[in-house]
Amino acid sequence: MVFGITNEEKAQLRDAADRLYGREEDERASTTTGSTSAYETAEEGQSGDFRDSVYSYSALENELRTEHPIVAPNVTGTPVVSHAHVHDDEEEGDQSTIKASDDDGTHTPIVPSSDSINHPEPQITNDKNVASNHGDVLDTASASVITEESGHNPTAYAPASDSDSEVNRGSLRRISTTDEALEHLEELDENELNKVYSIQRIKTGGEDPIEGGDPLDIVRTLTRKHPGDEEGIEVKDLDWDLPDDPLNPHNWPKYKKWYVTLTLALACLTASLGSSLFVSGTFEMMQRFGASQTLMISGLTFYMLGLALGPVIASPLSEMIGRKWIYVFSFCCAILMAMGVGLAKNTVTLLVLRFFVGYFISPCLAIAGGSMSDMWNNSPPDMSLAVALFCLTPFLGPVIGPIIGGFAAVNKGWEWSAAWIFMIFTGFNIPLLIIAPETYKVALLKKRHMKRGTKIISHLDKDVLRKMIAFSLIRPLEMLVVEPIVAFLSLYIAFVFAVLFGFFEAFPIIFVGVYHIEQELLGLTFISIGLGLIIAIIMYTIYDWFVVYPKNPDGTRGKRDEEGNFVWDKPESKLIYAKVGGLLIVPSLFWLGWAAKKDVHWIVPVLAGLPFGFGLIWIFFGCVLYFSMSFPPVYVALALAANNMLRYIMASVFPLFTVQMYEKLHIGWASTLFGFIALLLVPIPFIFSKWGPQLRATSKYGFASYFKKIAAEKAAAAAAAASKQEQKPATGAERSQDASVNSDGTVNLVQEKV
């Protein structure tokens with residue numbers, strides 16, 4: 001069945017092309033005429049989506065009326081970038097292919113004639129070696145228009161981020177796409193590659209501009225052969241139907257995004273709450289099981305070890321089946337393990353089950369960040385606010401735990417602080433997680449295409465899962481060893497986080513031992529740390545909205561230059577948070593240690609928690625944001641995994657020796673020891689501010705290394721495709737598109753219907 005493309009679909013095509021080349025709406029209005037076009041399409045599927053959509057080369061030229069490149073499909077479904085340059089006399093001769101609908105609004109299917117298809121005018125020059133009819137994508141970075149009249153290039157590429165004068169001077173800053181960067185690797189440094197990648201990733205809605213995130217994919221979805229043939233389609237090739245596909249989490253209404261965000265924040269709060277709730281019942285458990293204080297405190301240690309190791313399997317598994325059911329399954333398992341803790345009859349059972357509670361509850365802490373990225377990464381200002389609120393909960397949980405657990409342990413017994421309250425929180429989360437929609441792109445598209453009857457080719461099996469688990473465990477450890485940025489910043493945040501868990505044992509010594517505060521009220525002393533965290537989030541949001549993402553006159557947010565282009569800040573700019581946070585942590589520790597005296601009011605050492613809470617989360621923000629800008633996304637996940645693993649392992653150890661340290665050194669010098677160690681760590685963000693660019697340039701996981709790897713893979717793939725095509729005899733059974741190379745290096749695109 002052949003049918004006409006609706007006006008809405010034509011608008012979507014135009015929007016996709018505009019997004020691809022960064023055209024503003026007013027520019028399109030001035031360059032686009034009101035003429036309509038004819039599109040030759042294939043049969044419509046049962047789902048109602050138009051399938052195998054193929055549009056006429058010259059008709060789409062006439063539709064866009066621009067010298068910007070467009071995408072025309074070949075027989076393999078892979079788009080080939082071509083450039084349109086239409087003359088008035090040619091438009092008159094192709095009127096048979098221009099009219100797409102009758103005056104009454106009904107669509108008239110018009111098949112373009114062979115004359116309109118075999119359009120000899122557009123030619124492409126390409127700096128790459130292009131084999132004819134290989135289905136290769138001719139990158140926009142290297143393709144340009146040659147007109148017959150002049151033979152010169154009227155649309156030589158220019159970057160969106162630099163002025164014309166700089167481009168005319170031949171500045172390398174003219175490079176504005178990852179494809180261009182791949183061709184000039186030897187001429188670009190780490191910062192320039194990072195800038196090109198980061199800006200293009202913002203423009204493409206947060207997708208990886210190189211692997212799966214190329215803006216060409218948007219148009220390819222409308223032009224390629226629809227999945228569902230005998231051979232099927234690989235999972236990695238699945239894509240959204242349209243740029244504004246309602247299934248895409250980027251296009252969800254904000255209330256839906258915020259529901260998922262707050263649900264995941266509550267899940268992370270519950271996971272972190274389980275650590276400190278247990279501590280409040282320590283003294284009763286010592287009497288109940290006849291164990292030492294250190295042994296019972298190790299229940300916290302085993303829980304934290306579970307948090308550290310749980311994501312090793314959960315993270316790669318979420319890449320196979322999606323994130324939602326990982327959340328649901330893990331919470332169901334955690335609630336069963338917590339029940340066992342409450343019913344435990346001996347210390348061994350208690351400690352083993354505590355490990356598995358942490359192990360099963362941990363996935364939300366590891367993969368919830370991926371869900372946040374699925375929804376928000378096309379809008380950096382909104383994502384910044386959402387992530388700030390989301391990141392608050394893993395730090396707020398350990399602070400709230402002693403408050404709730406203190407009252408529960410004294411009035412209800414250790415089982416309530418160790419198990420039942422945690423089960424209530426976990427049980428409350430489960431229905432919210434079930435209602436929350438899946439956000440992972442692959443899982444959403446697999447489900448859609450399974451309903452359509454599409455055959456999905458998946459290479460994911462037990463062997464792949466095993467390799468993914470090894471990758472998620474070994475690579476983070478490797479980054480801790482070979483990457484100074486990851487190693488030292490992870491050590492910094494891990495130490496500060498561990499000090500917070502050391503306070504679970506230090507505060508009873510300070511406020512019960514010195515001020516004789518009742519056990520059930522002891523948890524209230526953590527309120528100041530919680531207030532410090534909340535104030536830090538408020539200040540972070542204010543700084544973010546007014547300094548990092550200021551509001552522009554047109555209502556958009558984010559730094560832009562005079563021409564309205566994105567302004568890229570170096571990763572080192574994010575270290576400002578860690579610098580400020582570090583300067584607050586040190587005095588707070590000295591303050592706590594030397595203010596805790598009988599002749600000093602108890603509120604004075606309590607207030608030391610304000611700067612500590614503020615500094616704690618700002619150091620975390622500085623480290624994590626620096627990671628996210630210093631490495632490509634695939635390596636950012638590994639860096640964060642390394643950070644989480646070290647953070648939880650170190651936090652699991654500190655409570656085991658805090659009591660002995662405070663007993664031997666006394667309150668003042670024990671807190672001072674923490675303060676001096678924190679003081680030694682303060683220069684770390686300042687050092688990376690100065691030497692960070694050099695370290696990133698030589699990094700095995702940096703952008704320079706990443707681009708070189710991709711360039712090598714593309715070269716190998718192109719060589720393999722060329723070799724395969726030479727061995728494959730040409731067939732004339734279906735529509736094809738050939739490219740012939742002229743002696744001057746230009747490429748003629750010729751479409752024909754055989």
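Note: Cβ is positioned from N, Cα and C throughout, glycine not excepted.
TrEMBL annotations: computationally assigned, not manually curated.
Copied from TrEMBL, the annotated features are:
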- 14-29: compositional bias 'Basic and acidic residues' (COMPBIAS)
- 30-39: compositional bias 'Polar residues' (COMPBIAS)
- 111-132: compositional bias 'Polar residues' (COMPBIAS)
- 738-754: compositional bias 'Polar residues' (COMPBIAS)
- 260-696: domain 'Major facilitator superfamily (MFS) profile' (DOMAIN)
- 14-50: region 'Disordered' (REGION)
- 85-134: region 'Disordered' (REGION)
- 149-169: region 'Disordered' (REGION)
- 724-754: region 'Disordered' (REGION)
- 258-283: transmembrane segment (TRANSMEM)
- 295-313: transmembrane segment (TRANSMEM)
- 325-344: transmembrane segment (TRANSMEM)
- 351-373: transmembrane segment (TRANSMEM)
- 385-410: transmembrane segment (TRANSMEM)
- 417-436: transmembrane segment (TRANSMEM)
- 485-514: transmembrane segment (TRANSMEM)
- 521-543: transmembrane segment (TRANSMEM)
- 576-595: transmembrane segment (TRANSMEM)
- 602-628: transmembrane segment (TRANSMEM)
- 634-657: transmembrane segment (TRANSMEM)
- 669-688: transmembrane segment (TRANSMEM)
Recorded stretch, among 351-373, 385-410, 521-543, 634-657, maximising Cβ pairs under 8 Å relative to the transmembrane segment (485-514):
634-657
Seg_contact(the transmembrane segment (602-628), the transmembrane segment (385-410)) with at least 3 CB pairs under 8 angstroms, min sep 6:
yes
Using Cβ atoms only, state whether the transmembrane segment (325-344) and the transmembrane segment (521-543) have three or more pairs under 8 Å that are 6 or more apart in sequence.
no
Can you tell me which of 258-283, 295-313, 385-410 gets the most C-beta pairs within less than 8 Å of the transmembrane segment (417-436)?
258-283
Using a Cβ-Cβ cut-off of under 8 Å, list the residues of the same chain that are 6+ residues beyond the ends of the transmembrane segment (385-410) and lie near it.
257-258, 261, 264-266, 268-281, 284, 365, 368-369, 372, 375-376, 416-417, 420-421, 500-501, 504, 507, 519-524, 526-527, 529-530, 533-534, 537, 540-541, 544-545, 613, 616-617, 620-621, 624
Could you tell me whether the transmembrane segment (258-283) and the transmembrane segment (351-373) are in contact, taking contact to mean 3+ Cβ pairs under 8 Å with a sequence separation of 6 or more?
yes
Return the stretch with the most CB pairs under 8 A relative to the transmembrane segment (258-283), choosing among 295-313, 521-543, 576-595, 634-657, 669-688.
295-313
Would the transmembrane segment (295-313) count as touching the transmembrane segment (669-688), if touching means at least three Cβ pairs under 8 Å and pairs must be 6 or more apart in sequence?
no
When you scan the chain for residues with a C-beta under 8 Å from the transmembrane segment (521-543), skipping those not six or more beyond its ends, what do you find?
280, 384-385, 388-389, 392, 395-396, 399-407, 500, 503, 507-508, 511-512, 577, 581, 606-618, 621
Do you know the mean pLDDT across the domain 'Major facilitator superfamily (MFS) profile' (260-696)?
91
